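**Q** Provided herewith is a single structure, encoded as structure tokens, for subsequent inquiry.
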Amino acid sequence: MVFKSNNPGELSKAGFFVTGTDTEVGKTLISGALITHLKKQHAMVAAFKPVVAGMDLIAGKMCNEDILALSRVMTYKAREDNLDICPYQLATPAAPHLVAKASGIHLDYSVMLNAFNAIRDKSDAIVVEGVGGFKVPFHDDKTSADFAQDIGLPIVLVVGMRLGCINHALLTVEAIQARGLRLAGWVANTVGPMTLLQENIATLEHLIPAPLMGVIPELSKEFAQVPYNISAMEKAASYLKI
């Protein structure tokens, strides 16, 4: 499961960049599911996220639920503070560039890239979870889309199946293609009851020029609790075809 980089001349590396049609569509769940699959073929599998916004007190420690879930499933041993796999961890759950500005923090793009490169060099495979949708800004000059382009991993698009997702998905695909990036596939994640769910999936399957990697049903309460445990991510992985 080795995919060629989007960047010509760069060595191939197993892994994915996971983006979504919006925030709260299941990127972390699918990232964990992809890591689960990668672990079958690679000994050292890492996760990375350039920035998170939203910290909670979990087990007596302030942490982000996405990073905690990914640290549970990956085989790479992260630092206790997880700053090596997520260099910017902001307290308030809001747009990262706004939280950073309000907190007097500069989201240094080179810090993000250097942190990613350090983890990539130590791992056999890596899954990078993007921030919110595809083009969330870090500041005035750089966005999550720039980061996806610069690191060069094939992209997996998570579509949160709800009203409006067809438009959101097609616009995101268009943005990915406009940058000349490889869309490895997309995942239909059921985020709640939806009228004409199967018809929506069929429409997307017809219009998105990349394979449908799987349809994730709405998880039972046993698996839906966040931060996700390993069982939840393994359950999601069972619905993926890679």
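Backbone N, Cα and C define each Cβ position, glycine as well.
Under the heading ATP binding site, TrEMBL lists 24-29, Asp66, 129-132, 189-190, 217-219. Feature annotation from TrEMBL assigns Mg(2+) binding site to Thr28, Asp66, Glu129. Positions annotated as active site by TrEMBL: Lys49.
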**Q** Excluding near sequence neighbours, so keeping only residues 6 or more apart in the same chain, what lies with its CB under 8 A of Glu218 (ATP binding site)?
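**A** Within the chain, Glu218 (ATP binding site) has Cβ neighbours under 8 Å at Thr190, Val191, Gly192, Pro193, Ala224.
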**Q** Want to know which binding-site residues, from Glu24, Gly26, Asp66, Gly132, are within 10 Å of Lys49 (active site) at Cα; which are they?
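**A** Checking each Cα against Lys49 (active site), the hits are Asp66.
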**Q** Using an 8 Å cut-off from the Cβ centroid of Thr28, Asp66, Glu129, can you name the remaining same-chain residues around the Mg(2+) site, in sequence order?
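**A** Output for this site, in sequence order: Val18, Lys27, Leu29, Ser31, Gly32, Ala47, Lys49, Val52, Ile67, Ala69, Leu70.
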**Q** Counting other CB atoms within 10 A of each CB, which of the binding-site residues Glu24, Asp66, Glu129 comes out lowest?
**A** Glu24
**Q** Write down the Cα-Cα distance for Glu129 (Mg(2+) binding site) and Glu24 (ATP binding site), rounded and given in Å.
**A** 12
**Q** Which of these binding-site residues has the least crowded Cβ, counting other Cβ atoms within 10 Å: Gly26, Gly130, Gly132?
**A** Gly132
**Q** Rank the binding-site residues Thr28, Thr190 by how many other Cβ atoms lie within 10 Å of each Cβ and give me the one with the fewest.
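**A** Counting other Cβ atoms within 10 Å of each of the binding-site residues Thr28, Thr190, the minimum falls on Thr190.
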**Q** Given Gly26 (ATP binding site) and Glu129 (Mg(2+) binding site), what distance in Å do their CA atoms have, once rounded to a whole number?
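**A** Checking the Cα atoms of Gly26 (ATP binding site) and Glu129 (Mg(2+) binding site) gives a distance of 10 Å.
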